[in-house]
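**Q** Questions regarding the structure given below will be posed in turn.
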Amino acid sequence: MLIKNVRILGGEPVDIAVVNGLIAEIRPAGSAGPRQDGEGAAEAGLPEVVEGRGAIALPGLVDLHTHLREPGREDAETVQTGTQSAARGGYTAVHAMANTMPVADTAGVVEQVWRLGQEFGHCDVQPVGAVTVGLEGKQLAELGAMADSAARVRVFSDDGRCVDDAVLMRRALEYVKAFDGVVAQHAQEPKLTKDAQMNEGVISGRLGLSGWPAVAEEAIIARDCLLAAHVGSRLHVCHVSTAGSVEIIRWAKSKGWNVTAEVTPHHLLLTDELVEESPNGSYNPIYKVNPPLRTRADVEALRSALADGTIDVVATDHAPHPVEDKETEWAAAAMGMVGLETALSVVQEAMVDTGLLDWAGVAERMSAAPARIGRLPGHGRPLEVGAPANIVLYDPTARAEVDPSSFASKSRNTPYEGMTLPGRVLATFLRGRPTVLEGKLA
Ligand SMILES: [Zn+2]
């Protein structure tokens, strides 16, 4: 197969020849090549030539933080629909969070998710294992058995809940060292956030909603950085949302400690002001998310931190919920937003069009770094000869209104409905096989 006229990381136009799922040749666009392009592709039912029309080519995106909801909440999402959503967003691999029903806290459940991914996945599905049994924060789960299973788990997280017991967190950090694993912490001190509804600040005061203080996140991050340093292990901080968290992570990195961090697209673009006033009215639960949307100053700090590498990764925290769980009163509504199909556009809007990040920076933070942190072989590699042909073609000049009814996800809880965002994923290739072509599932 030949992918014609694309610009790798926004560079000069090239043609990319793909053979047996690998990048076989990269040459200046339109120049004659020695090989018979597309030979054998037609017999395999694949397109022989894909016209890139000058699109930007990036390595297939990798998400460190996706909720696929299967098993247990197939009304919200399944492995099939979630990975279709991922493919449409340019992803070739996702890490599936463990807060399913049953919880992915045994080798049996992570293997079940892994097999569902093999069978129904439109991208690779890498299960995340729970840190504690049932996410209950009382007893360590079978981390070693999950690591040794067919699912080869390397990322462990109780995401949705915080591992707030310092002794358990220390043991988990010690335990994962044996197999080069990492503990991904959802940093939320539970007592400081009891009944919390939105960011604690001027607006929560005005609206009379109970506040979710920044310190609840920052205190856990500080503690866990110290624990990770103490036991010499790897810590990953999920969905960093405050300027103070950024400062703590910057300090931990300056010490040479093995700490990485992610930020979500929504925390790079949206603020708590939307809870008070938005095109969707006030108190609209579409903006209810964990951690909560913060202030403009926090958004600025998160953007700078992502630009300078203090924050390593953009992770979607794709959190599908059925309509009845979101379209209800604020206090009763579920927390979370879908994000896979809008992530690249939001990152372009917040980071690229603002001059904070170039396309090489986007590739590092949305593909290479998450693959490295998740120890995911075959993903996050630069687009060069010999690498697996995991590729996304992206047109940054397109602009369109976000239309949730077009999503492949089973859920529609996007905060961007009606917003005009830049960019469009034209095609996604998983080991040379198109999962998306012309913006549609292939
Ligand atoms: Zn979380």
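Glycine is treated like the rest: Cβ placed from N, Cα and C.
TrEMBL labels come from automatic prediction, so no person has curated them.
Taken from TrEMBL, the feature domain 'Dihydroorotase catalytic' covers 55-243. Annotated Zn(2+) 1 binding site per TrEMBL: His65, His67, Asp159, Asp317, in sequence order. The substrate binding site feature in TrEMBL is assigned to His67, Leu68, Arg69, Asn99, Asn290, His321. Summarising the annotation, TrEMBL assigns Zn(2+) 2 binding site to Asp159, His186, His239. If you look up TrEMBL, you'll see Asp317 marked as active site.
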**Q** Given the recorded Zn(2+) 2 site (Asp159, His186, His239), which additional residues of the same chain have their Cβ within 8 Å of the Cβ centre, ordered by sequence?
**A** His65, Ser157, Gly160, Ala184, Gln185, Ala187, Gln188, Cys238, Asn290, Pro291, Asp317
**Q** Just the number: how many Å between the Cα atoms of Leu68 (substrate binding site) and Asp317 (Zn(2+) 1 binding site)?
**A** 10
**Q** Looking only at Cβ atoms, how many others are within 10 Å of the one on His239 (Zn(2+) 2 binding site)?
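**A** Looking across every protein chain shown, the total is 24.
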**Q** Report, in whole Å, the straight Cα-to-Cα distance of His65 (Zn(2+) 1 binding site) from Asn290 (substrate binding site).
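**A** That separation, Cα to Cα, works out to 13 Å.
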**Q** For ligand 1, list the binding-site residues among His65, His67, Asp159, His186, His321 whose CB atom is within a distance below 6 Å of it, in sequence order.
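**A** Checked binding-site residues vs ligand 1; flagged Asp159, His186.
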**Q** Note the Cβ centroid of His65, His67, Asp159, Asp317, the recorded Zn(2+) 1 site, then list each other residue of that chain whose Cβ lies within 8 Å of it, in sequence.
**A** Thr66, Met97, Gly160, Cys238, His239, Ala315, Thr316, His318, Ala319
**Q** Can you give me the same-chain residues 6 or more apart in sequence from His67 (Zn(2+) 1 binding site) with a CB-CB distance under 8 Å?
**A** Glu77, Gly82, Ala96, Met97, Asn99, Asp317, His318, Ala319, Pro320, Gly336
**Q** Let me know how many other Cβ atoms fall within 10 Å of the Cβ of His65 (Zn(2+) 1 binding site).
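**A** His65 (Zn(2+) 1 binding site): 28 neighbouring Cβ atoms within 10 Å.
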**Q** Anything within 10 Å of His239 (Zn(2+) 2 binding site)? Look among the binding-site residues His65, Arg69, His321, comparing CA atoms, and list what you find.
**A** His65
**Q** What three-state secondary structure does DSSP assign to His65 (Zn(2+) 1 binding site)?
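**A** DSSP assigns His65 (Zn(2+) 1 binding site) to strand.
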**Q** Hey, how far is His65 (Zn(2+) 1 binding site) from His321 (substrate binding site), Cα to Cα, in Å?
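**A** His321 (substrate binding site) has its Cα 16 Å from the Cα of His65 (Zn(2+) 1 binding site).
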**Q** Cα of Asp159 (Zn(2+) 1 binding site) to Cα of His186 (Zn(2+) 2 binding site): how many Å, rounded?
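**A** Roughly 5 Å, rounded to the nearest whole number.
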**Q** Of all the Cα pairs drawn from His67, Leu68, Arg69, Asn99, Asn290, His321, the residues the record ties to substrate, which distance is largest, in Å?
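**A** Largest Cα to Cα distance for the substrate-binding set is 17 Å.
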